[in-house]
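Visitor: Below is one structure. I have some questions about it.
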């Protein structure tokens, strides 16, 4: 792609800006910030990736993955600020998802243990896990607030905190996983995944691109399930105290 | 108060606050065993908070609460909440049938209701047995409240806390619930502590009453005190309510 062609892609940023301005959506500043950040971040990551891939150093791979987890944790924990200790809960969840998925991929020799594969796949896994964590925390905090009566009912009938929060927890886990499952149902029919399209545009064999995409999609299914379930089970106990009371000042 | 009766619950200098705001201030007093005590007072007086302290859904900042002469902290929370049942104003239902809701207290203990037990409870609260298979979505406010009371009774509580259970019901349903509560009190000897805004209800149904205002217990005694209160604030409150 020539630099001129790349510059012309900014038309796709102008359209939402015009719409936002016309309809007074107030999203102009966010759109501009997001555009500038994505340009700087992607260019920087491009140079960093080139350096890491060339070096093939395990230390740099570890550093890159750690950085991804730190940024994702910082981003996701804000949605669950009312849950005590949410930062470490999100961090532990992201680390578990990363170790589990890479463990399976490398352990079963599905992908080679090279920087190129580890960093690219980690980016997708951690990124998706972060979005899942945000979706889950968003839903879970509203479920807890909106169904306080239900929680107190079960506690007042002699239920445990786990029983009292069970329905809210299940609803939040399901709601956060739905986008992942639904997008997989229509993949190939409605949308072609970005990674697969990218490989095809870059000249890869479409069948091979599809095979790799399938791997990623199944991986993201595990990512979604483990993130929601683990974060849920780490989060709910902090809503209660030792006396099995729902804490008001979360 | 009521020294001639054994207390089911006794409050000793209990205070409770949320975010620095005092909700209850130095509450001292007893709820007599086997009797119906009503809690009356304007909104925001701290009545619901007081009820939640009895069920240990909340803990006091200071002071002690005794249930059957044991401090509340001597009980396991689960054991206490089965002993002290609570029915809420909103009568929250879990989705499903009336049977699912009646079975809930036992489901929480991984048990199932004995043959005919659910039907008997329904009859106790004045509903027909064929209600068991009804979806809770199809119940009226009064029917939901009856199911809610029946569900609380599954644990066979010795003390029953009622939080404005008739406030959103029509007069007929209110009367049915009042009769039901008196029946439960007489049949099982259950101690009843009932928050109500309806002073007439407090007078006719309750044996005793606590009048609360701004987090304090202003006056306690036999329900007749509402007809001629000693305290000026209570007199104004009763007058305001009656007008």
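Placed from the backbone N, Cα and C atoms, the Cβ positions cover glycine too.
As annotated by TrEMBL, transmembrane segment applies to A:36-53, A:58-76, A:88-110, A:117-137, A:214-240.
Please go over these features one by one and say how buried each is and what sits next to it.
Guide: Within its own chain, the transmembrane segment (A:58-76) has Cβ neighbours under 8 Å at 48, 51-52, 87, 90-91, 94-95, 98, 115, 118-119, 122-123, 126-127, 129-130, 133-134, 137, counting only residues six or more beyond its boundaries.
Residues of the same chain lying 6 or more positions beyond the ends of the transmembrane segment (A:88-110) and with a Cβ under 8 Å from any Cβ of it are 65, 69, 72-73, 76-77, 80, 117-118, 121-122, 125-126, 129-130, 133, 215, 219, 222-223, 226-227, 230-231, 234-235.
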Visitor: Quickly jot the same-chain residues contacting the transmembrane segment (A:117-137) by Cβ under 8 Å, restricted to those at least six beyond its ends, or write none.
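Guide: For the transmembrane segment (A:117-137), the far contacts come to 49, 52-53, 61, 64-65, 68-69, 72-73, 75-76, 79-80, 83, 86, 90, 93-94, 97-98, 101-102, 105-106, 111, 172-173, 175-177, 179-180, 195, 216, 219-220, 223-224, 226-228, 231-232, 235.
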